[in-house]
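Comments concern the structure below.
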């Protein structure tokens, strides 16, 4: 019997790392093919599902622009309509987001054509001449710069200059387009008619000036061509938003109880619905659920009314608003005044864009939260390296996991086909799932740091996501295999020498830079799989299989409330930080591999083409902007594009340095100055014309007359001070049975025969002689589209009533002659939208309402996809 010494764990790992493994190269090849095949098949299936369901459920008469009823009728508007012409339909943020997607598409279509036709043949020829046994090499390695040395790399230097000039040239052209679009947005009727376009937000007002008279004195110190028309400093609202939220939760709870009880009005349950209420620490009793929630609704409603009536008895906040006659005067004043008397000055955002809780925070609190938030972000970056290491080392390359798991190593050898499928699907899926978690964490940190507006919070999320994606999920993710190899070698050396100090000596002889560059080049196969899977994800967004499945299950097996049904018909909210971060992430990956592995460019060009078409359809027919910042995302996006360009230059410089071409590496250095010079040019030539409205004698700015500005239009403050209270929604076929079970007040008129209140009714509301508001809103669940339209009209009418009441009017100081009471129009808009405007509160308290121009965008309410 012969006894053989068994290799130790460290020796097995060392052999697997240091020795070339032809099986692994074949395994990686099949993994890429499986990944591409799976992504292509799933994309085709999702596209077919979307095409079939769209023709069945779409409401064509309300689509703007209209679509044909054919299977592929949805593609024609995407080709025929220019993005620039959709400004008034989609908004500036949506247009600029699509322009950035189109910019990426143009860049990578041109780069893919250049690099694939020039660099790939050069790489193949150079690899065959460099390596005698090139036939045994990985086919993907032949397409890259991995084995290219000598004068062959001059082609990569030339291409580096080409893509730097190309990116900056196209970026300059798109920058000018964005500048013109933002100026068109500033001059649009929708923006001009909004109160916020003519107002300044004054933050951190000194204690001695926290009054309307003090704010008037502060306004007189501003460098402005004209005096302001109106100033208003806000009052503290204390616990009013919490009471309003409890009221809305009680309404939704009552709706859930009634929806379950009246699920089948022809066959009601024998017993009334009940719920358990705590009576003590350990005891509870059953009470009638309908009566319980009805009492809570009435109680919270009275508390909300009392809090609103006593609002102006509260102390003043440290922020206020100054309103001018025209938007140009407000922009010009904001341009020349950043601070005055210790207070900060900026353009007032839209009412729906405010984060009112953060607006009330003191300067010291915001500073402390910002500091703690940055510390937490740094800790998260470091902690996320562990997750990145596990995924990068073991999931993206199962042979690394097999080196420490003998059973898996045996399986990889015997069943390589099956495990290549697992690696091709699992690794990009796990990476995508971890990226989703990051976005949620970043948004919470940005909110806690004290962002004033939702758009600034989203820009903060974009900045943080870009840092952690580029650092952790791209650079460290790609180089983690090198760190793994270095750690194993140090452990092996320590065991062999019996001394950790001797083990660390291996670090001195370890070719860190060379192996890092080699790992970066070899990791291109993973990024090809990841880009292919991400392309498939865009078809998931447009087909919405998960959302439709969840809603189908809820509809068939549960009891959704009428409000749920109405909310499902509302357009979804488009999250720009998430979408733009993904595009920047893909741009950074693809541009870094432009000269290293041109095959990545081919897949990136397909990804951006698919993204442009799908996102254009979504923004035209499916989603709305949650808030409108007027294109404020463009400058952060450009900064990150320039950073990605510089990172690509650094990586190519290191590759050429490792390949022995020191002179060729030095030739890359001038490229670093191009992006810096471009940024300086943008700061002085383009940014001032983009951030503020500029005076143009050929474009007339709509300036409202003094007698066209009503007092109700001067309404600033937290939306909870004027938002209509929610009323319970019940299905219309339960109208006759409802009085038997519900003791609250109801209206007997048909909601589908909705009519606006007359002038006499409005006067009654002003005098306080209003009729009791209805406590129940009946909804025909068999005709949700019509019910949605009627309910929206009712909410708008109720909002106008609230704005006409005395406690919601601005009690600021008017710096012009007051109008007579008979001349005060009571139904002016207070938000950005013309004709029908709904503040952010309706969005937050009744999510089926969206702040859009209903006459132009109502098709989105009815469009299922």
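Keep in mind that glycine also has a Cβ here, set from the backbone N, Cα and C atoms.
Looking at the stretches 666-686, 687-707, 708-728, the one that Swiss-Prot records under the feature transmembrane segment is 666-686. With respect to the membrane, residue 370 and residue 457 are annotated on the same face, judging by the topological domain names in Swiss-Prot. Swiss-Prot lists transmembrane segment at one of the ranges 583-603, 604-624, 730-750, 751-771, namely 583-603.
Per Swiss-Prot, the listed range annotated as transmembrane segment is 641-661 (candidates: 536-556, 557-577, 641-661, 788-808). Checking 128, 358 against Swiss-Prot for the annotation N-linked glycosylation site singles out 128. Counting C-beta pairs under 8 angstroms (sequence separation of 6 or more), the transmembrane segment (152-172) reaches the transmembrane segment (666-686) with 3 or more such pairs. When the glycosylation sites 128, 147, 151, 624 are compared by the number of other CB atoms within 10 angstroms of each CB, 151 has the fewest. Long-range contacts of the topological domain 'Cytoplasmic' (662-665) within its own chain (CB-CB distance under 8 A, at least 6 residues past either end) are made by residues 153-154, 156-157, 653-654, 656. When the topological domain 'Cytoplasmic' (533-582) is classified with DSSP, helix, strand and coil residues number 39 helix, 3 strand, 8 coil. Annotation: 147 are the glycosylation sites among 147, 151, 624 whose CA atoms are within 10 angstroms of the CA of residue 128 (N-linked glycosylation site). Per-residue pLDDT, averaged over the topological domain 'Cytoplasmic' (533-582), rounds to 84. Here the C-alpha separation of residue 151 (N-linked glycosylation site) and residue 624 (N-linked glycosylation site) works out to 53 Å. Sequence-distant residue pairs (6 or more apart) of the transmembrane segment (512-532) and the transmembrane segment (107-127) include fewer than 3 whose Cβ atoms are under 8 Å, leaving the two stretches without contact.
Reported as a whole number, the C-alpha separation between residue 147 (N-linked glycosylation site) and residue 624 (N-linked glycosylation site) equals 49 Å.
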